[in-house]
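Enquirer: Pasting the feature list from Swiss-Prot:
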- ASP283: active site, proton acceptor (ACT_SITE)
- LEU162, GLY163, GLU164, GLY165, THR166, PHE167, GLY168, LYS169, VAL170, LYS186: ATP binding site (BINDING)
- 156-472: domain 'Protein kinase' (DOMAIN)
- TYR7: phosphotyrosine (MOD_RES)
- SER9: phosphoserine (MOD_RES)
- SER49: phosphoserine (MOD_RES)
- SER51: phosphoserine (MOD_RES)
- SER67: phosphoserine (MOD_RES)
- SER76: phosphoserine (MOD_RES)
- SER78: phosphoserine (MOD_RES)
- SER135: phosphoserine (MOD_RES)
- 22-138: region 'Disordered' (REGION)
Amino acid sequence: MHHCKRYRSPEPDPYLSYRWKRRRSYSREHEGRLRYPSRREPPPRRSRSRSHDRLPYQRRYREHRDSDTYRCEDRSPSFGEDYYGSSRCHHRRRSREREPYRTRKHAHHCHKRRTRSCSSASSRSQQSSKRSSRSVEDDKEGHLVCRIGDWLQERYEIVGNLGEGTFGKVVECLDHARGKSQVALKIIRNVGKYREAARLEINVLKKIKEKDKENKFLCVLMSDWFNFHGHMCIAFELLGKNTFEFLKENNFQPYPLPHVRHMAYQLCHALRFLHENQLTHTDLKPENILFVNSEFETLYNEHKSCEEKSVKNTSIRVADFGSATFDHEHHTTIVATRHYRPPEVILELGWAQPCDVWSIGCILFEYYRGFTLFQTHENREHLVMMEKILGPIPSHMIHRTRKQKYFYKGGLVWDENSSDGRYVKENCKPLKSYMLQDTLEHVQLFDLMRRMLEFDPAQRITLAEALLHPFFAGLTPEERSFHTSRNPSR
């Protein structure tokens, strides 16, 4: 049974409320995104649009976003935002509200102009000096005002706009210090809280780069960073679309099973590397997984009597480390975007690396079916959906949680005759019921997902174990290799 589409109400910008409160790490509450492409009329009961806070950095950005974070229609992004995915907001699925916070400085000086300091040597050309002497202007919310043809640091020439979000904006640049290579440059708003959060993310990216000098572990790597008149700027290699963007533009036609298998293997490989280095991503979702190259071919699906896009190269990179948390850092209570949030986070039982494993299980289901497994925005409903799909929540987790308001005599308190109750009853079924074919490789995929979706994080499969799962036996030697020629460096 195909899930029907429900709209959700946005949640508060967690990037502001959580990560900002800690000195070394932060997390955001990313909420509900509408994944079902059929229904577009407003909901009869309540708004169900998700509030993420991320902005994809895409190379073919065409339309200006009108909201804060990454996607406009139903998904809303987060600070770390989908690094290279497109931010074509007017046709997106999430709605986001512009974060109202404004420093007193920006409230009184809406359009502040500063003279750009010229760091060039005396031998620099007159044209370069003219570029450097242009005034630096911020808009009333602290975004850098920049145009095509502007230069930053006399190194980065802006050649395109990739998107804009709560955190700032992303532009496509030519890096003249590296042979005019294309980069996505993330320009943070000139606001203290965002500047500090960017420094935290830079620290994580530095650690990843230090541990992965040969870039074998499929994480987007920072090639440069600098402070430009109060705007923290981070440069990344320009990649393709994120996996949600591709899914959306393909009318939510699921990825073929071989594609799911290869992407799953790469995800497990990348996240195992992070976990072995005492780092938890905490915000895994399709928007934060990017294709290296999202070129595709159009094929005709005789079974569905329609054309569909098939990506030519399923190599991916993991992005958005704005919420990544080291084991020794403070762990905020709430992490992960709603649809990929594990039960231990909802029940406030504490979390660690298994949090990422649950998120991967949800992502694989979405790749396989084209819609989210847990289409909700509210904790109680989320837990009920988990029980309908995965079975009862273990009693020891119920006894330990402080969220006793959700339970009575060891069971969830839930009105099945309410509109939400009817929705869950009609649209949620045991996990295996979603299997498209009863063949060995499909059975193996669902076995892997079920192990990733264990309620008890202590019983959840580790990523080292997942990489040995029989589902990956069908990979080719080429798909198992992770060679890359990328070598981003400052």
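The backbone N, Cα and C atoms fix where each Cβ goes, and this holds for glycine too.
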Enquirer: Please work out which residue of SER135, THR166 has the most C-beta neighbours within 10 angstroms of its C-beta, and give that one of the recorded positions.
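Expert: Of SER135, THR166, the one with the most crowded Cβ is THR166.
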Enquirer: Using the structure shown, find which entry in LEU162, VAL170 (the binding-site residues) has the sparsest Cβ neighbourhood within 10 Å.
Expert: LEU162
Enquirer: Per 10 Å Cβ neighbour count, which of the recorded positions GLU164, ASP283 ranks highest?
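Expert: Result for the most crowded candidate: ASP283.
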Enquirer: What span in Å does the ATP site cover, taken as the longest CA to CA distance among LEU162, GLY163, GLU164, GLY165, THR166, PHE167, GLY168, LYS169, VAL170, LYS186?
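Expert: The ATP-binding residues span at most 14 Å between Cα atoms.
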Enquirer: Compute the average pLDDT of the predicted model within the domain 'Protein kinase' (156-472).
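Expert: Value for the domain 'Protein kinase' (156-472), mean pLDDT as a whole number: 96.
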Enquirer: What does DSSP assign THR166 (ATP binding site), in three states?
Expert: coil
Enquirer: Would you mind listing, in sequence order, the residues at least six apart from GLY168 (ATP binding site) in the same chain with a Cβ closer than 8 Å to its Cβ?
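Expert: Set apart from GLY168 (ATP binding site) by at least 6 residues yet with Cβ under 8 Å, we have HIS143, LEU144, LYS186, ILE187, ILE188, ARG189, TYR194, HIS231.
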